[in-house]
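**Q** TrEMBL feature annotations, pasted as is:
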- 87-516: domain 'Major facilitator superfamily (MFS) profile' (DOMAIN)
- 139-159: transmembrane segment (TRANSMEM)
- 166-186: transmembrane segment (TRANSMEM)
- 192-212: transmembrane segment (TRANSMEM)
- 224-246: transmembrane segment (TRANSMEM)
- 252-271: transmembrane segment (TRANSMEM)
- 346-364: transmembrane segment (TRANSMEM)
- 376-396: transmembrane segment (TRANSMEM)
- 408-427: transmembrane segment (TRANSMEM)
């Protein structure tokens with residue numbers, strides 16, 4: 001008897017599974033509040049060079065002081081990173097006569113003055129991460145995603161070795177500790193280190209929550225459960241907009257988005273360990289206890305069996321070999337993903353798709369001010385559009401298939417990003433509509449890739465496969481914020497880069513096999 005058959009006997013989608021999924025959705029809400037926090041944590045308000053007080057300025061208004069001290073851009077705004085070496089008093093008579101001699105223009109010498117009308121403080125204003133230091137500001141997101149990348153490898157292995165629930169609890173506790181340390185940072189270096197470690201911890205939450213829920217759900221409800229869980233990511237997106245709107249000081253913003261992890265830690269008490277993992281690791285009595293609890297909650301009170309029967313009757317063939325046949329040649333690692341031809345092709349192609357999905361998703365999500373909307377409204381709308389995108393994908397992946405849905409969602413994401421390169425800036429409404437459509441396609445691609453990848457890999461390598469693809473995705477997420485720095489080369493270069501990568505990686509998805517209505521592979525031989 002297969003484990004799926006056992007689930008049908010005890011109730012594959014009853015009150016027990018619904019309780020588990022909703023509890024696991026609590027940390028899921030918290031993830032985007034950290035993953036997209038950079039938009040508000042490191043926001044750069046309008047600023048200009050600080051001008052030292054001089055006696056000659058006594059009778060001048062602030063506007064006049066700025067006029068004679070700071071050069072203007074062609075559109076009339078004051079430059080953010082430059083000032084005149086000497087006050088240009090003649091500009092008081094005719095401000096349109098901007099000096100053409102660049103030798104009298106220098107970089108800011110006395111720090112910066114920031115507009116605090118929108119943000120009380122951000123890390124950019126705290127440590128002057130503007131102008132020449134702008135790269136360090138963008139790097140805080142990269143440091144976080146480097147941590148997430150490392151965490152994907154670490155927790156992918158640890159959750160297979162020590163269990164899903166124990167590692168989820170560890171990652172939540174570490175998230176609280178490092179999140180609060182980030183809020184208490186007294187230097188940029190401390191913030192960079194603690195945000196990296198927060199990324200490592202939250203990666204465990206990201207990687208474990210979905211499989212832990214899925215391993216208690218029957219085959220018929222697996223897609224529905226995956227979509228339901230991912231909807232709470234979108235809710236987290238919307239909540240981030242509201243929290244950031246209410247909390248404008250970066251220290252307290254970090255506290256506000258980290259605090260909910262404490263609730264998740266408390267609620268995790270009611271979530272059992274994965275029975276699949278317990279059986280695979282020979283912990284039959286614990287699995288027996290959880291399965292009986294599941295049967296009781298689902299109203300199957302007549303269900304009873306002996307735990308001694310589990311190893312011989314209720315294990316899939318591949319899991320039975322892992323549980324009882326501990327031979328040296330039976331261990332699996334990330335290298336196993338590339339040993340055989342078909343798995344190698346799947347791993348290379350799925351890695352490329354995950355990179356493109358994450359790269360374009362975070363590229364769009366971290367460009368809230370580039371589409372003509374208020375940044376809080378952009379964050380909220382980007383969260384709202386994700387929900388219908390998930391619903392539509394729920395229908396499409398079961399009608400059109402996983403491969404076509406994955407490929408076209410990612411290609412259309414790239415085309416929407418590319419379209420906004422061409423649409424003139426004054427057409428803000430049109431640019432906003434195209435951006436929201438692109439965000440919807442981007443989320444559709446992300447929703448599909450989680451489901452698709454879990455079906456591509458065999459049971460014995462599924463967690464390793466998810467860990468590897470998550471690692472590649474986090475590389476894409478780490479590089480995405482740095483691409484914004486390319487605007488110094490050409491203003492549209494970041495968008496062109498996001499567009500090109502999304503279209504190319506979307507095309508690679510056509511090389512993957514279709515998994516619609518195909519039974520999940522158990523061993524490597526099933527894939528080959």
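Each Cβ is built from the backbone N, Cα and C atoms, and glycine gets one as well.
TrEMBL labels come from automatic prediction, so no person has curated them.
Show me how these features fit into the structure around them.
**A** A mean pLDDT of 86 is what the model gives for the domain 'Major facilitator superfamily (MFS) profile' (87-516).
Nonlocal intrachain contacts for the transmembrane segment (224-246), taken as residues 6+ away from its ends with a CB within less than 8 angstroms of a stretch CB, comprise 13, 17, 21, 24-26, 28-33, 36-37, 39-40, 209-210, 213-214, 217, 253, 256-257, 376-377, 379-380, 382-384, 386-387, 390-391, 393-394, 443, 446-447, 450-451, 454.
Same-chain residues lying 6+ beyond the ends of the transmembrane segment (252-271) with a Cβ under 8 Å from its Cβ atoms: 19-20, 23-24, 26-27, 29-30, 33-34, 37, 40-41, 165, 168-169, 172-173, 175-176, 179-180, 182-183, 212, 240, 243-244.
Remote same-chain residues near the transmembrane segment (376-396) are listed as 32, 36, 39, 223-224, 227, 230-231, 233-238, 240-242, 244-245, 364-365, 368-369, 405, 409, 435-437, 439-441, 443-444, 447-448 (criterion: CB distance under 8 Å, separation of at least six residues from the stretch ends).
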**Q** Considering only the recorded stretches 139-159, 166-186, 192-212, 346-364, state which has the highest number of Cβ pairs under 8 Å to the transmembrane segment (408-427).
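**A** Most contacts with the transmembrane segment (408-427): 346-364.
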**Q** Short question: which residues 6 or more past the ends of the transmembrane segment (166-186) have a Cβ under 8 Å from it?
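**A** Hits for the transmembrane segment (166-186): 27, 30, 34, 151, 155, 158-159, 194-195, 197-198, 200-205, 208-209, 212, 251-252, 254-255, 257-258, 261-262, 264-265, 268, 271, 273.
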